[in-house]
Amino acid sequence: MLPYDSDLLGSYDPDVIVWSVRAFYIFAAYAVLIVRFIPDLRDRFLNYGARSDTSKRYEVKDSAFPRWFRIQFDPVLDWLADITVPHSWFKHFYICSSLCSAYWMFAHLNVAHYFPSAFVMSLSNPWEYRTMWARLLLQLQGLRRLYECVNIAKPSTSRMWIGHYIIGMAFYVVTNIAIWIEPALEPKPLTPYRSPSNITPMVILNAARVTACMTMFVYSSFKQYQVHKYLASLKEYRVPDHPIFEETNLVCPHYSFEVNIYIALTILTARDTRILNMTMLCATVFVIVNLGVTADLTKKWQIQRFPKQRPEIAKRRRMLGSIW
C-alpha cells in the first residue's frame, strides 16, 4: 500500500471497509428484491411517477400476509408509504455524487502534495492510473445526469418514497469510495517493474483495457442522454418509438446503458491480473437488480396502460438485450 493510500484511509482497516462496501450493495439488492416479490410492500413502495395511481390507494392484491397480520401492520405500512419526497429531488443524487467525486479527487491530490514521490510512482502503476480515469468518468457521469435533471427533465409533481431517496443517496456516497478502495486492499511494491523497452504485454493489455472501457462509457453515456432527452420531450406518456427503442428492442434501453456504464467502470478499475473489480461488481449487481425491478414493473404497466399495443410491448425485452 502506498503512503498516500494509507493516509486517505487513516487508521481504518481496508479489508473492513472493502467488505462493508460490498455488503451494502448486496444487502441493498436483497432489500429491493424482497420489496419486489412481496405484494404488500411492492404496491406501497415501488410504484411512483407515471406508474403510480393515487385513485387506488395502497390497493394490495394477493397479499402475502395473513389477515391478522394485515389488521395489525397495514396502518404502519401505510404510514411509512406516506413518507415521500418530491421526485424532483432525484437531482440530489447527482449533486451528491459530483460533490463526493470532487472531494475524493481533492483528498487524493492533497495527500499527494505531502507524498509527491509516492504519488508520481503510483501513476506509473497501470492500476492506479486507471483508477484516476475511473474517478474522472464517475465525476462526468454525475455532472451529466445533474445537467439532464436540471435542464432536460420536465417539471413533475410526482413524489417518491423516502426509502428510495435514502438508498439512492447512500449508493452514490458508497460508490465514490468503491471506485478507489480496492487499490488499498493489497500492498503494492514502491518500485514498479519496467522492461528495458517499457513495452510489455501488460502495458499493451492495459492500454487496450483503458481504450475499450472509455469507449464503452462514452458510447453508453451518449445513448442514454439521447433516450432521456427523447423521453423528456414527450408531451404525454406513450409507448416510446424512438429508433433506439426499436434497435435495441428494449422497454428501458436507458437502464441497459446505465448498466454498461458500471460494467465499464468495473473492468477499468480491476487489478492487472483480473478482469473485474469485485467491489464495483457488487455495485453493478445492485444497479442491475434495482433497475431490473423498475424495468419489469414498467413493462407490466405499459401492457396495462396501452392494451392495443400489447403485442408490440410483449415482444420487447426489459433491459438486458436477449437475456431479460
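In case you wondered, yes, glycine gets a Cβ from its N, Cα and C as well.
For reference, TrEMBL has these:
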| type | residues | note |
| --- | --- | --- |
| DOMAIN | 205-309 | domain '3-oxo-5-alpha-steroid 4-dehydrogenase C-terminal' |
| TRANSMEM | 16-38 | transmembrane segment |
| TRANSMEM | 162-181 | transmembrane segment |
| TRANSMEM | 201-219 | transmembrane segment |
| TRANSMEM | 275-293 | transmembrane segment |
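Within the model, the domain '3-oxo-5-alpha-steroid 4-dehydrogenase C-terminal' (205-309) carries an average pLDDT of 94. For the transmembrane segment (16-38), same-chain residues at least 6 beyond its ends with a Cβ under 8 Å from one of its own Cβ atoms are 9, 45-46, 64, 167, 170-171, 174, 177-178, 181-182, 184-185, 278-279, 282-283, 285-286, 289-290, 293, 296. Counting only same-chain residues 6+ beyond the ends of the transmembrane segment (275-293), those with a CB under 8 A from a CB of the stretch are 18, 21-22, 25-26, 28-29, 32-33, 36, 46, 171, 174-175, 178-179, 181-182, 252, 255, 258-259, 262-263, 265-269, 318-320, 324. Counting residues of the domain '3-oxo-5-alpha-steroid 4-dehydrogenase C-terminal' (205-309) by DSSP class, helix then strand then coil, yields 82 helix, 1 strand, 22 coil.
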